[in-house]
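Chemist: The structure's right below; bear with me while I get my questions together.
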Amino acid sequence: MEVPKKKAIDHFLMVCAVILSVVSLYTAFFGTFPTMIQRTFHLTMVFIIALFLYRYPFAQRFPKIDLTINMLFAGLFIAANLYLAFNWQALYVSPFLTNMEIFLGVAAIVIILELTRRTVGIFLSIIVLLFMVYAYFGAYFPGFLAHRGYSLERIVVQVFAGTEGIYGIPIGVSATLVIVFVVFGAFIEKGGASDVFLNIATALAGGRRGGPAKASIFSSGFMGMLSGSSAANVATTGSVTIPMMKKSGMESYVAGAVEAVASSGGYKTPPIMGAVAFIMAQMAGMSYWDVALAATLPAFFHYYGLYLMVDLYAGYKGFKGIEKQLIPPFLPAVKKGLVFMVPVVILVVLMAMRYSAMYACAYSLLSLWIISIFTRSLNLSKIIGALYDGAVRMIWITVPCAAAGIILGILTMTGVGMKLNEIIAFLAGQSLFFTLFWIMVISIILGMGLPPVVSYLVLAALEVPVLVQMGVTPLAAHMFIFYFCALSLITPPICTTAFTAAAIAGAPPMKTGLEAVRFGIVLYTLPYLFVYNPALLLHGNLLQIIFVFIIAAIGIFALAIAAQGYFKRNVGWIVRVLFFASSILVFSPSLRVTAAGMVLLIFLLVFEMRAAKKLNAQSITVAKSL
């Protein structure tokens, strides 16, 4: 067999990717296909692209073997999905499967495990495999883990033949909502948004102390509104902002940490959030607009907290802003940014008018195309590039969703989730705070080895009912898990976003990750805040929302001083502990405790301002005497 040249494979991938994006956009404008046809088509196309993009390490030496295996996998996966698309209802209710049906189901599961290993990593493949072993050998497990055990045929029906496994909610959302938003983000990027937003950010904050780092925060925030991806944020903005920060005198690991924390907001910043937000909306039984609206204030405090940390660090280190002649003019930069703001405004307005997120995104993209005709920001090459990029980015969303579907199917079948909840309830002792604490720990640990979408899906299925039973609102319960699963991206020992930023900065990865935790300290408190104060998720009347906003802003300010050890001057450890205590008190749901925290904070601020003033006066006196 003659092996196709690399160019031929690249052209094949391009055609597959463009077909996937175009068909997905067609369904956004004109309506989706029947459920299983939409999902099987989406999964098949993404997997074909992934198979030939993520080839075996021996592909260079033994291209024929690599091509043969990938073609075999592709053929089997196409056959399994074609058969399922037109026979799934009969398969799901049938008491028996034929040998061919079992073979196709097992083949699809094996291919999912293999592609998960290639794209996401072997850890997730092992987790999925362990769940399947548990489903089959359940009768042999000890104590509370024991269950009746299920046959291979029953497992195949559960995870392959119906909509409770591989082809469940995660793949359904990926095949409809997520891909449309991802393609929209790709078009925004191809139009040159990253450069425009960086210029606006530099014009806004570049002249202030720590200007390059602050520009990184603003530009990552702007891109985060549109990309919904931490990795994409680091790659697009970090390649420019990290060298700027290093040039200003900032240590490489600090520059990487700041960019990592800033970029991690892309997952949680409306109007275009990460894939998890779309899945969350489906699982919580609400519209995506409700989720995006609820995420607005937490997203603001994400960047507000990081801005304070950077500002205090710059004051401590004596960093200055970017030289005036290097700062782009503000109004021309904003004028260029309007091209990208119009589609975003249309997106927000349509969702606020309660049109579906898919419809709103489709027509926002249409407006971008129309504008690009006049601005010439998109040519044919860029359009094809955006369609290709959008489809390829779906690999890191769709493959984990398929793997997570297997886990969810087995959790439903075995009922092990209820038993795990009993353990958490025992450890927490019926305390809401300790229940939240253990869920936080599990979320971060799971997120270290799994993509956020997988860890969220598993934990949401298990723990949201527990939190709701303890009085937490469903949205706050989902958001709590979502936030901590996303925080795993910057939490060592495995923190992919921080490691990516470290690679760009040329810094030690682990040191960058630890520094990211310090600069992102505020992010670890936000989920507790909106569980105890749902007004932070815009659930409540206007006065409640304003009050909680003010309290959160003050508490985060105190926490930033405690974490950075600087306010007008270097702050000693005892005073830092007192600042930390004041922030905890301010965050309390009790008004009396909050008031006590405010009094303590005011006292500390006055004390530090007087001490700093006295220190400055002494410095001036010494300088004059010299």
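Glycine is no exception: its Cβ is also placed from the backbone N, Cα and C atoms.
Here the structure is a predicted model, which means the values were calculated and not measured.
This is the feature table in TrEMBL:
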type	residues	note
TRANSMEM	12-30	transmembrane segment
TRANSMEM	36-55	transmembrane segment
TRANSMEM	92-113	transmembrane segment
DOMAIN	109-539	domain 'TRAP C4-dicarboxylate transport system permease DctM subunit'
TRANSMEM	120-145	transmembrane segment
TRANSMEM	288-310	transmembrane segment
TRANSMEM	330-350	transmembrane segment
TRANSMEM	394-416	transmembrane segment
TRANSMEM	423-447	transmembrane segment
TRANSMEM	453-473	transmembrane segment
TRANSMEM	480-504	transmembrane segment
TRANSMEM	545-567	transmembrane segment
TRANSMEM	573-606	transmembrane segment
Chemist: Do any residues of this chain, six or more beyond the ends of the transmembrane segment (36-55), have a C-beta under 8 angstroms from a C-beta of it, and if so which?
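Modeler: Hits for the transmembrane segment (36-55): 9, 12-13, 16-17, 19-20, 23-24, 27, 66, 70, 73-74, 77-78, 81-82, 84-85, 88, 111-112, 115, 118-119, 163, 166-167, 171-172, 174-176, 179, 391-392, 394-395, 398-399, 402.
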Chemist: State the mean pLDDT for the domain 'TRAP C4-dicarboxylate transport system permease DctM subunit' (109-539).
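Modeler: Across the domain 'TRAP C4-dicarboxylate transport system permease DctM subunit' (109-539), the average pLDDT comes out at 87.
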Chemist: Return yes if the transmembrane segment (120-145) and the transmembrane segment (330-350) have at least 3 CB pairs under 8 Å (sequence gap of 6 or more), otherwise no.
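Modeler: Between the transmembrane segment (330-350) and the transmembrane segment (120-145), which are separate recorded stretches, there is no contact, as judged by 3 or more close Cβ pairs.
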Chemist: Given the cut-off of 8 Å on Cβ pairs that are 6 or more apart in sequence, determine whether the transmembrane segment (453-473) and the transmembrane segment (394-416) share at least 3 such pairs.
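Modeler: Stretch pair touches.
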Chemist: Six or more residues beyond either end and a Cβ under 8 Å away: which residues meet both conditions relative to the transmembrane segment (545-567)?
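Modeler: Distal contacts: 297, 301, 304-305, 308-309, 312-313, 315-316, 518, 521-522, 525, 529, 533, 535-536, 538, 573, 576-577, 579-580, 582-584, 586-587, 594, 597-598, 601, 604-605, 608, 612.
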